[in-house]
Amino acid sequence: MAEFNIAVVSGDGIGPEVTAEAVNVLKKIGEKFNHIFNFKYVLAGGCAIDEFGVCLPEETLEICKQSDSVLLGAVGGPKWDNVENKNRPEKALLGLRDGLGLFTNLRPATMYKALANASPLKPEIVEDGLDIMIVRELTGGIYFGDRGYRQGKYGEEAYDTEAYSKKEIERIARNAFDVAMQRNKNLVSVDKANVLESSRLWRKTVDEISKEYPEVKVSHMYVDNASMQLVRNPKQFDVILTSNMFGDILSDEASMITGSIGLLPSASIGDGRLGMYEPIHGSAPDIAGQNKANPIATILSVAMMLKYSFKLDKEAKAIEDAVISVLEKGYRTPDIMSEGMILVGTKEMGKVIADEINM
Ligand code: IPM
Ligand code: MG
């Protein structure tokens with residue numbers, strides 16, 4: 001029997017509702033497979049600003065660091081739109097990623113067959129589903145580079161810098177190649193090497209690391225072309241490796257074309273076991289507290305936690321299978337509702353998935 005300590009950052013908006021369902025699903029997994037999951041709830045984001053005046057209290061970061069993994073709901077909302085920049089709820093996310101050393105962000109763009117008609121692309125382009133894994137560098141690049149104000153050619157100007165060290169590129173590239181080895185062994189590295197010096201180092205370093213993975217087919221693509229290829233022929237992609245900023249943009253695009261954007265999880269991992277798992281959707285303040293939010297992305301996030309942090313593949317698969325089966329039985333939250341399907345709320349969706357695990 002194994003025991004795991006999980007820090008839960010429910011956050012704002014629909015965060016607490018969706019994490020509650022994911023926690024219930026984990027408890028079910030614990031019962032069925034004989035594991036103990038302990039949960040410790042901590043504040044970050046807007047709720048932490050309200051309670052402590054800071055978006056990421058030290059205690060939160062400390063508890064997360066000491067845990068085996070972090071489950072995060074969502075942070076932010078219009079209520080905190082006017083707080084000063086360094087204390088915006090989003091800063092809590094960046095602080096957690098950086099503070100926990102989570103330099104690799106895994107964002108699967110998976111199409112669920114039951115929702116295929118929700119893809120905005122023509123059926124022939126997405127026939128037989130989509131399954132892309134975006135590996136985004138998460139603690140470097142322009143998000144964390146030097147920034148500020150200075151005097152420029154036209155007077156005062158603001159600037160942000162994109163910088164990558166060889167070491168940062170090597171470690172994210174290795175993680176991406178490892179992921180590719182578990183999948184279809186096809187990796188496209190996305191950069192802007194025709195313009196950016198940092199991209200030229202990126203490309204050269206990825207090529208060097210690729211020698212350690214002779215089985216993986218590697219190619220390079222400029223980011224403008226990649227964004228076009230994603231809608232033209234998304235099936236050509238297996239693993240996409242890219243920088244923090246390009247990954248932010250491409251992962252939104254990739255998730256949208258699956259038609260399952262509200263269902264997609266993500267994992268942020270580093271060198272060790274500790275990872276942070278969260279749905280890719282936001283805090284949806286407009287539907288918060290109404291039992292309308294779709295908990296599936298958060299439930300699939302704990303499946304990623306089981307797989308990547310705890311190496312419990314069987315347990316992870318039990319969750320994924322339960323989600324697919326519930327979708328096939330026709331259960332739908334309002335965001336994915338269509339004619340003839342069974343409309344359920346957040347709690348009911350969580351419950352049918354948990355019950356499915358028991359079957
Ligand atoms: C994401 C989000 C964040 C990011 C924001 C909220 C800081 O867009 O996780 O993709 O840009 O990384
Ligand atoms: Mg984003």
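Cβ atoms are placed via backbone N, Cα and C, with glycine included.
TrEMBL lists 5-353 with the feature domain 'Isopropylmalate dehydrogenase-like'.
Marked as NAD(+) binding site by TrEMBL: 77-90, 282-294. In the three-state DSSP reading, K292 (NAD(+) binding site) counts as coil.
Annotation for D224 (substrate binding site): same-chain Cβ neighbours under 8 Å, separated by at least 6 residues, are K192. Under the heading substrate binding site, TrEMBL lists R97, R107, R136, D224.
The number of other Cβ atoms within 10 Å of the Cβ belonging to Y143 (site 'Important for catalysis'), over all protein chains shown, comes to 18. As annotated by TrEMBL, site 'Important for catalysis' applies to Y143 (among others).
In three-state terms derived from DSSP, K192 (site 'Important for catalysis') belongs to neither a helical nor a strand segment and is classed as coil. What TrEMBL lists as site 'Important for catalysis' is K192 (among others).
Feature annotation from TrEMBL assigns Mg(2+) binding site to D224, D248, D252. All protein chains included, D248 (Mg(2+) binding site) registers 18 other Cβ atoms within 10 Å of its own Cβ.
A Cβ distance below 6 Å to any atom of ligand 1 is met, among the binding-site residues D224, D248, A284, by D248. Ligand 2 lies under 6 Å from the Cβ of D248, out of the recorded positions G77, Y143, D248. Candidate binding-site residues: A284, A288. Fewest other C-beta atoms within 10 angstroms, A288. Set side by side, the binding-site residues G77, P89 differ in how many other CB atoms lie within 10 angstroms of their CB, and the most is found at P89.
The secondary structure of D224 (substrate binding site), as reduced to three states from DSSP, is helical. Annotation note: R107 (substrate binding site) sits in a strand segment as assigned by DSSP. R107 (substrate binding site) and N85 (NAD(+) binding site) have their C-alpha atoms 27 Å apart, to the nearest angstrom.
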